[in-house]
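J.: Sharing a structure, written as structure tokens. Questions coming.
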Amino acid sequence: MQPAVEHVPWRWLAAGRASRRLVLVVVFVALLLDNMLLTVVVPIVPTFLYAMEYEGANSSAGPARTETSPPALKAPPFSSMFSYFDNTTVTVLVSTSAVELVNGTESSIPPEPAASIPPPPSSCPDGEEFLTKENTRVGLLFASKALVQLMVNPAVGLLTNRIGYHIPMFIGFVTMFLSTVMFAFSGTYTLLLIARALQGIGSSFSSVAGLGMLASVYTDDFERGNAMGIALGGLALGVLIGAPFGSVMYEFVGKSSPFLVLAFLALLDGALQLCILQPSKISPESTKGTPVLTLLRDPYILVAAGALCFSNMGVAMLEPTLPIWMMQTMCSPKWQLGMAFLPASISYLIGTNLFGILANKIGRWLCSLIGMAVVGISLLCVPLAKTIYGLIAPNSGLGFAIGMVDSSMMPIMGYLVDLRHTSIYGNVYAIADVAFCMGFAIGPSTGGAIARAVGFPWLMVIIGVINIAYAPLCWYLRNPPAKEEKIAILNQECPMQTKSYTAQKTLRDFPLTDDSDVEAEHAE
């Protein structure tokens, strides 16, 4: 009886490793933690740098100012010097009363306004010039993660083709854990920049390997769309929790506390990966994947990647500039800087889960087209807000629309590879992640500089118009031709050659192959 009991955990592990749902759970948790770390720094970094650099510099210079202030308060005895500018003869004795007569003949009135002026009634932070310059520095810090991820993604795509998805996924966990711990104990801008760049490396391994793993496990197009929607729900939940969690913990507990909590959760994710994925196991793909350069020459993949890039660029521009704009115009406290992103995160969570299912029925291209138009309109409405409550509607529309685009475009990328290339997904999801990262690299870095040059409202107008102008290009994804149809058109031969299809079908049994034949016949 005892040996049977001992074998129960091993049976559970064996069943878990064969379960597609547990693979989905692993990817969900990895994307959740990655995006919690992505957004938890959004409300922390601007106020932390302001407290460390601006307030720290002023507090060190404070004693010098307080020493010089008492002589300024003793100015009235020297007011008799102003009598030398009068042409009358009896001005030395009347000079004190002359100053008093200007303010109303009572000697007790002038000192009181001087004492009541220094404390400002508003809670707006001082140093408006410092905050304006901080737009650029904070934008570069946020963009460093995406820039590093942009450079690492192609290499990760090639690596997944050679050794499989499990080891890169675990490398992503280790790097993410180190980045989180470094964030917790970094006290300077340089260390924060290094921690953010390190996060980009971990995020590249996690996202490319995770999405490629899902696409290889869920071969049916409808099931893949649902799985991608759930995985992107983890991304949305991370964005949802990250900014409010970071602002509240930073306000009431301290800077290190949110990062230490994330480090503990990352350890749990690593334990889950060790049990389910067996990261020591090398499992290369049986078929050589389509090269990245070949995929980049596919116009349909480029249109889908562009939609991912520009729709996410809008919220990427908001991350460094919106908290600073709120500090300048709304005098918002620390906890509100993260709460401003809460409506966008909730609506993104709803959008990704809702359109992961609906997009397949009403058309993914149509969801993406409408989503990009709504992104543009929402961005145009953001500068109209006068209080934090005025940001609820535009941020909700922004998050919901980006959820529409992401949950539609991620399955389309896998579908295009099945339809037009070899069904190996590491490289195409490396391209999708590159597009996502380009939005989060160009957005914060250029957004901070543009906001400093022309102002935050014009920044929102520029990126909003770009999204609206790009939206009609999604129409080209309505009915992309299959690879065989393209060859047949170029060679002016019969409209369908199934030779390469049957070769792929023997290697990998995808239901999509049969469906695409039917779609091609209906297209004619």
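For all residues, glycine too, the Cβ spot is worked out from N, Cα and C.
TrEMBL annotations: computationally assigned, not manually curated.
Below are the features listed in TrEMBL for this protein:
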type	residues	note
DOMAIN	92-482	domain 'Major facilitator superfamily (MFS) profile'
TRANSMEM	21-45	transmembrane segment
TRANSMEM	171-195	transmembrane segment
TRANSMEM	201-218	transmembrane segment
TRANSMEM	230-253	transmembrane segment
TRANSMEM	259-279	transmembrane segment
TRANSMEM	300-318	transmembrane segment
TRANSMEM	338-358	transmembrane segment
TRANSMEM	365-385	transmembrane segment
TRANSMEM	397-417	transmembrane segment
TRANSMEM	424-443	transmembrane segment
TRANSMEM	455-477	transmembrane segment
J.: For the transmembrane segment (300-318), I need the partner stretch with the highest count of C-beta pairs below 8 angstroms, choosing only from 21-45, 201-218, 259-279, 338-358, 424-443.
T.: 424-443
J.: Let me check one thing: do the transmembrane segment (365-385) and the transmembrane segment (424-443) come into contact, meaning three or more Cβ pairs under 8 Å with sequence separation of at least 6?
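T.: These two stretches do not touch.
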J.: Taking the domain 'Major facilitator superfamily (MFS) profile' (92-482) alone, what is its mean pLDDT?
T.: 80
J.: Grab the same-chain neighbours of the transmembrane segment (21-45) for me: Cβ-Cβ under 8 Å, and only residues 6 or more beyond its ends, written as numbers and ranges.
T.: 138, 141-142, 145, 169, 172-173, 176, 179-180, 183, 192, 196, 199, 202-203, 206-207, 210-211, 213-214, 217, 227, 230-239, 241-243, 245-247, 250, 255, 258-259, 262, 265-266, 268-269, 272-273, 276-277, 319-320, 323, 334-335, 337-338, 341, 345
